[in-house]
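Novice: The following block contains the structure, expressed as structure tokens.
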Amino acid sequence: MSREGIRRRPKARAGLTGGGTATLPRVEDTLTLGSRLGEQLCAGDVVVLSGPLGAGKTVLAKGIAMAMDVEGPITSPTFVLARMHRPRRPGTPAMVHVDVYRLLDHNSADLLSELDSLDLDTDLEDAVVVVEWGEGLAERLSQRHLDVRLERVSHSDTRIATWSWGRS
């Protein structure tokens, strides 16, 4: 059951439907990309962030949260697995920020069980779910999801981001 009053936009999104690539030389550029992506998200969307340690996944999640105007500091939820960030404005979705990094040593059945125990699917109608390290798993939460891959350029602070909409 969804909360009344949450605005839902049509699933077609101008500018993001085909995906894209961006070079991000500064942290501010990663925040800006996150904000740009965040402006296009609506309740029910799942965003899967992947890339090596230090690639900028949490920074991108901060940018998404800035655009969504949700409460609380956005920090990596590695040790608590998931954090709910409530919307500051009525009629806008919450953001659930998930990080499954510490579960990666588990076998895939255990990992799916842990992910399932978070009951994220119950939040999908009223929230945008952003999952760090969820590649190959989080996509199962929604038929339509945004995949964002961040890579670090060797011997540089520059990151390369690639994103596309996927279907499960």
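Cβ coordinates are placed from backbone N, Cα and C, and glycine is handled just like the others.
According to Swiss-Prot, the record shows the following:
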- 1-21: region 'Disordered' (REGION)
- GLY54, ALA55, GLY56, LYS57, THR58, VAL59: ATP binding site (BINDING)
- THR58, GLU132: Mg(2+) binding site (BINDING)
Novice: Measuring Cα to Cα, how many angstrom lie between LYS57 (ATP binding site) and GLU132 (Mg(2+) binding site)?
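Specialist: Pair distance, Cα basis, whole Å: 7 Å.
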Novice: If H, G and I count as helix, E and B as strand, and all else as coil, what does DSSP give for GLU132 (Mg(2+) binding site)?
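Specialist: DSSP assigns GLU132 (Mg(2+) binding site) to strand.
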Novice: Do you know which of the binding-site residues GLY54, GLY56 has the most other C-beta atoms within 10 angstroms of its C-beta?
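Specialist: Buried the deepest by this measure is GLY56.
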Novice: For GLY56 (ATP binding site), just give me the three-state DSSP call.
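Specialist: DSSP assigns GLY56 (ATP binding site) to coil.
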Novice: Any idea what the Cα distance is from GLY54 (ATP binding site) over to GLU132 (Mg(2+) binding site), rounded to a whole Å?
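Specialist: So the alpha carbons of GLY54 (ATP binding site) and GLU132 (Mg(2+) binding site) sit roughly 12 Å from each other.
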Novice: Rounded to a whole angstrom, what is the C-alpha distance between GLY56 (ATP binding site) and GLU132 (Mg(2+) binding site)?
Specialist: 10
Novice: Show, in sequence order, which residues other than GLY54, ALA55, GLY56, LYS57, THR58, VAL59 on the same chain lie with their Cβ within 8 Å of the centre of the Cβ atoms of the ATP site.
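Specialist: For the ATP site, the extra neighbours are THR30, LEU49, GLY51, LEU60, LEU150, ARG159.
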Novice: At the level of the C-alpha atoms, what whole-angstrom distance separates ALA55 (ATP binding site) and GLU132 (Mg(2+) binding site)?
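Specialist: That comes out at 11 Å between the alpha carbons.
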Novice: Could you round the CA separation between VAL59 (ATP binding site) and GLU132 (Mg(2+) binding site) to a whole angstrom and send it over?
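Specialist: Spelling it out, the Cα of VAL59 (ATP binding site) and the Cα of GLU132 (Mg(2+) binding site) are 11 Å apart.
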